[in-house]
Amino acid sequence: MVSSYSSSSSTITSKFLGLLLLLSLQLDILLGSALHLKNITSFRPNREIQKLRKVEAYLKRINKPSIKTINSPDGDVIECVLSHLQPAFDHPQLQGQKPVNLPDRPSRGNETKDEEHFNQLWSESGESCPIGSIPMRRTTQSDVLRAKSVRRFGRRLRKPIRRDSSGGGHEHAVVFVNGEQYYGAKASINVWAPRVTDAYEFSLSQIWLISGSFGHDLNTIEAGWQVSPELYGDNYPRFFTYWTTDAYQATGCYNLLCSGFVQTNNKIAIGAAISPRSSYKGRQFDIGLMIWKDPKHGHWWLELGNGLLVGYWPVFLFSHLRSHASMVQFGGEVVNSRSSGAHTGTQMGSGHFADEGFEKAAYFRNLQVVDWDNNLLPLNNIHVLADHPACYDIRQGKNNVWGTYFYYGGPGRNPRCP
């Protein structure tokens, strides 16, 4: 009887000890999980806080004190900033200086002067910035956080540079000239609102002035219109500028998002939406753009329409472009990220192919270049290039009304462009 009781007691004790051991292990697991969770939650907020601090520091640097604020119908906030406080004058070589005197404009050829009046949404109410100030689109925290990194905000993604302009997921339909020394370029660019199907893609139409070896020393000056959901948070076509001296690696930026371009105009907001836009089988609207090197000071100036000076890129920003450009390009560019595993449906131009013609396809007209003697001249030895003509194509022509012109663009993904 005693022996039976001892055996039963031993069994109960063994089970009790086993239960305690199991509870102890589960407690260790729970404590370990809690500690791990604490480490994660304490780490992530720290990283987020550091990122937000970087964003705030950037915004403080780029958003200058304003003397007037204008709210645009599209949600933009336009700040009127005193000219000498704009970001360009943060540059060590510009600190304490003022914008230079007006340049000598190129002698004009026989181009037509019938561009539509350039307008932007923010100014449609009749608001403007006082003389002595410039309109700057306020950069917001959400703008910067949309970028893949704070450091790359306002800059194009790095891409391989090839002499034919293609590569790195960037696709083009362009007319270009090379083989001579170019001191500027001019064209009237048809404005549309192409559909961009991925948040990190863009569609643009612009003029490029290019110099360098097409390696890491590539210099470019660029201006035109673009649709970029990542940069602006919407699908409006916006007037923009860009520059780089190292093939988009570390120098340069869009618009006024770094020290570089010096704006002199109080009526144009670089980066603001263009209005009106062209419509399919409807009215067509152009912006006239000219970029040229001022013979007096050597700076590269930007003009809108017939005589509206926007500002200039100081010549010291560049290496090869200190003297002249070796190539000029006109046309469209899109980013094809293939995020869905197929070719992007992001449109170029109007989203229609070149052979559809006027009121349907987008165009450039009155293409010209500036020579060493500051004269506007027609293009010679023209090259026409479409990286993927089944996706976006181009057709160039010439007549007495439009001078040298071309139609270009396309829908992107389609049965011939999978």
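Yeah, the Cβs are placed from backbone N, Cα and C, and that goes for glycine too.
A TrEMBL annotation is a machine prediction, not a hand-curated record.
As annotated by TrEMBL, domain 'Neprosin PEP catalytic' applies to 164-418. Under the heading region 'Disordered', TrEMBL lists 91-112.
With a threshold of 8 Å between CB atoms, the same-chain residues lying at least 6 positions outside the region 'Disordered' (91-112) that come near it are 83-84, 184, 186, 259-260, 262, 264, 290, 292, 294-297, 299, 301, 303, 307, 309, 311-312, 314, 316, 366, 368, 370, 374-378, 401-403. Mean model confidence for the domain 'Neprosin PEP catalytic' (164-418) is a pLDDT of 95. The DSSP breakdown of the region 'Disordered' (91-112), given as helix, strand and coil counts, is 0 helix, 1 strand, 21 coil.
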